[in-house]
Structure formats: structure tokens, C-alpha cells
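Q: Starting off with a structure, shown below.
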Amino acid sequence: MSSLKAHNDMLGNLRGVFPDNASFVICLAYMGTFVMQGLLTTASQSVGGGYSYNTTTAVMTAECIKLATAFGLYVQEHGLTKFQREFQAHQNLLRLYFVPAGLYCLYNNLAFINLANYDPTSYYLLLQFRVVVTGVVFQVLFKQRLSQKQWASLVILTCGCFMKEYGSGSHKEASVGIEAQRQADFYFHTGLIMVQVFCSCFAGVYNEKLLKGDNGEAPVMLQNCYMYLDSIVCNILFIMVRGELGSAFSAQGLSSMLQPVVVLVCCNNAMIGIITSLFLKKLNSVVKVYASAIELIATAILSWMLFGYPIDGPTFIALILIVGASAIYSMNPIMKNDFLPVKSTDTDGK
């Protein structure tokens, strides 16, 4: 009887995490596309570890695909006339979405840089430091408190994220043979990972606040159009800052984007954007973090099978800790009607 009750409790908690079948499918698609993105990006690298194509152009191409997809889906369902009317009615969102668009622009461009210096498993392990940052940001912005068990699962998962990096030299050696230079390169790229962490956390939670807040009456695909328009602008500015505007859109630069693996990178990245917006609308950023943690298992196995990256002792222990933390969370999920209010000292109502 006790085992049956525990089984029923687990099913009830899973229903709390996934209120309908669509949300479960979206979660699976989210994990699958993110696993593929790391593997495809690694596969698109040159022998020396760099890229034969302009990575910012790849990011912007993905944003154009996202914009066309979101626009097409909205017009197919509601018609062009309603799109024009709604676009004008909610045009203030075009300004608001510049914040997450800029953060995602930086995040996506840093992903290519960091994946050239880390194997996919190490890269995703280090990115999981965002669990604590996401928990804090989620609590502050939504004025909602995580329970002790939820915080415990965050701490366990964070320990798992650092286990591999602490237990083994998982980063790629720098081209310079001097140890001091090698360590300097390692700390520099770890710093870039931390920038990605904060971009991911603040952009994800800010985007969720726009999707579910006072602007939540605007359809998801319409909000996606604002986001992707802003993202395209941010990526063009990023190319200009790097001084690559001419080379990025030259005949040679554009032809390099037609490599099959590069096309797959762009298309998969576009799918990630659409699926992530649906994910945040149906679920929340903390569930997103744990979905990302579960991706590590698939990434580790596939990286070993496809690229020969070993699953050593520290990696195995890290994965066990992450799976355990995810199990704790699944038994204590964050539900829309199950929050403890945080006492705020603000006097201006913000």
C-alpha cells in the first residue's frame, strides 16, 4: 500500500509539473533540441577547434528562421489583418524585448566560443551553475519563495555541476604549452561561461515575466515576433562591433553558411527558440533548469559515442548528483498555486 501511495504521489507531482500532454511533449522537445545543439556545434568545428563560418551570422540566420516561423504560425491561425492590429496594439513590447534579446544575443554568440574550448559535457556541466542564480532571480522577480527541499535540490545539483571540473582537467589544453598560460586561458573561458550563466538566467526569467505578466494577453507567437526582430538588430550590432560586417555578408561568408552541418545548427537553434517560448508559457524557468540538467546524461553518452570524450569518475559522480537533484525536484515541483509569498520591503509597489 505504501509503495502504491508513493507511486500515486509521484504521478500527482508529475501532473503538477506537466499539467497536460502538450507540456510534456514540449519538455521532451526542449531537451532534445538542446542536446543536438551542443553536438551539432561541436561537429561543425574545424580540425583546429575553430569555425569555418561566421558564428554571429549563424546566430542571426537562426533568428530570421524563428521570425519567419513565428510570423507564419500566427498568420496561419489568426490572419494577416489581426496580426497588423495586434502588432500595433502591443508595440510597447518591441522596446521591452530588447532586454532579453540582447542577453540571448550575447549568450548564443558565447556558446560557439565556449564550445570551441570545452567538450559538450563539460560545457553543459559548467552552465548548470545557473540553477542557484535562477532560483534567486525567480524568487525576487516573482515575489515567490522556494521551499527548503527545492533549495536543497538546487544545492545538490550545483555540487554535481562542479564535481567534474574539480575532479579532472576537463577543459581542452591551450595551444601554448606553458602551464601559467594554460591556466590563464582556462580562467578566461570559465569567466565567459559565467557570463553565459547570468545571461541565461536573467533573460529566461525576464522573458517568462513578459509572457506571463501584464503583457501575457498578447499571443505567444506575436511576442516571439517582437523578440526575434530585436534579436536580429542586436546580432547586426554585434557583427558591427566585431568589425565583421563586410566579411559576414560577403559571397564567401554566405556560401560557408550552406554547409549541411551549419544549416542543421541554424535550423536546430531556430527550433530551440520557438520551443523555449512555449516551454516558458506552459511551465517555468526552474523546470527549464532541471530539464537542462537531465540533458547532461544524453550529452555525455552521445559525446562519448560520437566524439570519444570519456565518461570518467568525476563525470559519472556529477551525473548521479544531478539526477538525484532532479528526482528531489520532481517530488517537490514549483506549481502556479503553491507558492509562499516573500515579504517585500519595497514601498513603491515594484
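Placed from the backbone N, Cα and C atoms, the Cβ positions cover glycine too.
In case it's useful when we look at the structure, here is the feature table from TrEMBL:
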TRANSMEM  21-40  transmembrane segment
TRANSMEM  52-75  transmembrane segment
TRANSMEM  96-116  transmembrane segment
TRANSMEM  122-142  transmembrane segment
TRANSMEM  187-206  transmembrane segment
TRANSMEM  257-280  transmembrane segment
TRANSMEM  287-307  transmembrane segment
TRANSMEM  313-331  transmembrane segment
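Looking at the shown structure, what environment does each listed feature sit in?
A: Remote same-chain partners of the transmembrane segment (52-75), defined as residues 6 or more beyond its termini with a Cβ less than 8 Å from a stretch Cβ, comprise 44, 46, 83, 105, 108-109, 112-113, 219, 221-222, 224-225, 228-229, 231-232, 235-236, 238-239, 242, 244, 247-249, 253-254, 256-257, 259, 262, 265-267, 269-270, 273-274.
A Cβ distance under 8 Å defines the sequence-distant neighbours of the transmembrane segment (96-116), meaning residues of its chain 6+ beyond its ends; these are 37-38, 41-42, 45, 49-51, 55-56, 58-59, 62, 123, 189, 192-193, 195-196, 199-200, 202-204, 206-207, 210, 215, 223, 226-231, 233-235, 238, 269.
Beyond the transmembrane segment (257-280), the same-chain residues lying 6 or more positions past its ends with a Cβ under 8 Å from any Cβ of the stretch are 26-27, 29-30, 33-34, 36-37, 40-41, 43-44, 52-54, 57-59, 61-63, 65-66, 69-70, 108, 204, 207-208, 211-212, 220, 223-224, 227-228, 287-288, 291.
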